[in-house]
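Undergrad: Have a look at this one before I ask anything.
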Amino acid sequence: MGSPSKTRRMKPLGIQLYECARGSPISFRSCQALVLILTFLSYASYHATRKTTSIVKSVLDPKTENLGMLHWPSHLYLQDLRDAQGNMTALYSGWAPFNADDGTALLGEIDLAFLGVYAIGMFFAGHLGDRVDLRILLTIGMIGTGFFTAAFGAGNWLNIHNFYYFLGVQMMAGLFQSSGWPSVVAVVGNWFGKSKRGLIMGIWNAHTSVGNISGSLIAAAMLKFGWSWSFAVPGVMIAVVGLAVFLFLPVGPEMIGIEEDIHEKDAEKDDMGAPLLEERSASKEKAVGFIQAWRIPGVAPFALCLFFCKLVAYTFLYWLPFYISHTAIGGVYLSDTAAGVLSTLFDVGGVVGGILAGHISDRLDARALTAASFTFSAIPALFFYRIYGSFSLYSNIALMFVTGMLVNGPYALITTAVSADLGTHSSLNGNSRALATVTAIIDGTGSIGAAVGPLLTGYISAKSWSGVFTMLMASALVAGLLLSRLVMAEISAKMESRRPDAAASDLPVSSMEQS
């Protein structure tokens, strides 16, 4: 631990001012609450800016109005969808170049470019996050995201009709957004020990749904003033939250001079086999490399598992309202607005699933077993939703909620608690500077699946929605199978720990080490 003056220089300015006004140091519990609130608002604002584009698409290209949240059009299946929609006449002029015949395809290309850059940038952002101050990296990412989000809307004010301007702006926004997730997970992982990490992060992960809902409401409310404001307001909001992060976010307990706390006790428990304190301290000075992070037991299977989990989750995110509006539920076709409102129940189920998965994994002390159980259970849920979801509105609501819970449960668990666990794995010999890199590897790999799933759905849905659900069920099966080795290791460790002569062991760590 550094000297008091050095510790003070490390503290965010806002905390220094608060302590001066209060006359006493901020407590550990207060810092934990502050971290949860700031990181929650931070990532909710990221999702709010992402959601803006889907709301404004029907204004930029009026022909997309009846396609709901169709994000992944293609020239190869766009005509099929248009033929199936006899009422896709433009109600207003739109905005060039998106109001042309290929406007919907252009909007899809922008989305694909955004997610592609986001996924690639995630790997670099995580590598960078373990080497620089996470507070600074997160602040730059949020302000940069706000700037380029507003810059997209500025195309209206500046009368810009060049497609490559909007494409470039979205790519830059994706690049800056890639710094968000590795940073917030690493910060939360620094502050919360392993014993309750799953439950805490499961609740905290609700920021995704809160951001999606708030982003939709803000963008829709601003449309009456012009679509520029639908981008400008969320852009300003994320920049303001970024400023609050810069002033108040403590990256870790060491930043506020805490030497003995629950976090460190959990870390000591997790790393009982680590080298002596002197060796641990030396290793912390050097961040873990990208290849070394991939070699941490459990990282590769969880990253590949998340690829397929996100493929399923993001297919629902982008296509569910469209699927609902084009499926007779109880013999009645719902309007686009009603379908959009109904689809939010999938997100509600996802929030419950994330909390439940986190709590169960804490109680069982088995992350892989919990994630695999949810993933395998999602297969029959997807089947029943496809077959029986159209019987009535009530059956659709119930099955959609359950499906959202089982699909998003392992997705939330892997991107939060699992990433934090692996980022502080005992094989790192006490080196804690791997959280952002590991988080980026896992979520970056998953983000590739997030781009692939909706894109494949665009091709397959033009011929058969049953084919889409077959793809989703197959993806869930593969996701579960990828964790099978870790699951067996966790079960074996559980059985060993119940033997009278067996020493107590930390199951997630020991099971991953055996893999």
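Here the Cβ of each residue, glycine as well, is placed from N, Cα and C on the backbone.
When I checked TrEMBL for this same protein, it listed these features:
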TRANSMEM  26-46  transmembrane segment
DOMAIN    37-492  domain 'Major facilitator superfamily (MFS) profile'
TRANSMEM  105-124  transmembrane segment
TRANSMEM  136-158  transmembrane segment
TRANSMEM  164-192  transmembrane segment
TRANSMEM  204-223  transmembrane segment
TRANSMEM  229-249  transmembrane segment
TRANSMEM  299-320  transmembrane segment
TRANSMEM  332-356  transmembrane segment
TRANSMEM  368-387  transmembrane segment
TRANSMEM  393-414  transmembrane segment
TRANSMEM  434-456  transmembrane segment
TRANSMEM  468-488  transmembrane segment
Undergrad: Among 164-192, 204-223, 368-387, 434-456, point out the range having the most Cβ pairs under 8 angstroms from the transmembrane segment (332-356).
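TA: Selected stretch: 204-223, with the most Cβ pairs under 8 Å.
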Undergrad: Residues sitting near the transmembrane segment (299-320): Cβ under 8 Å, six or more positions beyond its termini, same chain?
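TA: Contacts of the transmembrane segment (299-320) (Cβ under 8 Å, skipping residues fewer than 6 from its ends): 69-72, 293, 343, 346, 350, 368, 371, 375, 378, 382, 400, 403-404, 407-408, 410-411, 414-415, 418-419, 422, 438, 441-443, 445-454, 457, 461, 468, 472, 475-476, 478-480, 482-483, 485-486, 515.
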Undergrad: Take a look at 164-192, 204-223, 368-387 and tell me which one has the most Cβ pairs under 8 Å to the transmembrane segment (105-124).
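TA: Maximum Cβ contact count belongs to 164-192.
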Undergrad: What residues elsewhere in the chain lie close to the transmembrane segment (136-158), defined as a C-beta under 8 angstroms and at least 6 residues from its ends?
TA: 42, 45-46, 49, 52-53, 95, 125, 128-129, 165-166, 169-170, 172-173, 175-180, 183-184, 187, 226-232, 234-239, 241-243, 245-246, 249
Undergrad: Find the average pLDDT over the domain 'Major facilitator superfamily (MFS) profile' (37-492) in the predicted model and report it.
TA: 81
Undergrad: If we skip the immediate neighbours and take only residues 6+ beyond the ends of the transmembrane segment (204-223), which ones have a Cβ under 8 Å from one of its Cβ atoms?
TA: 36, 39-41, 43-52, 54-56, 59, 188, 229-234, 237, 344, 347-348, 350-351, 354-355, 358, 412, 415-416
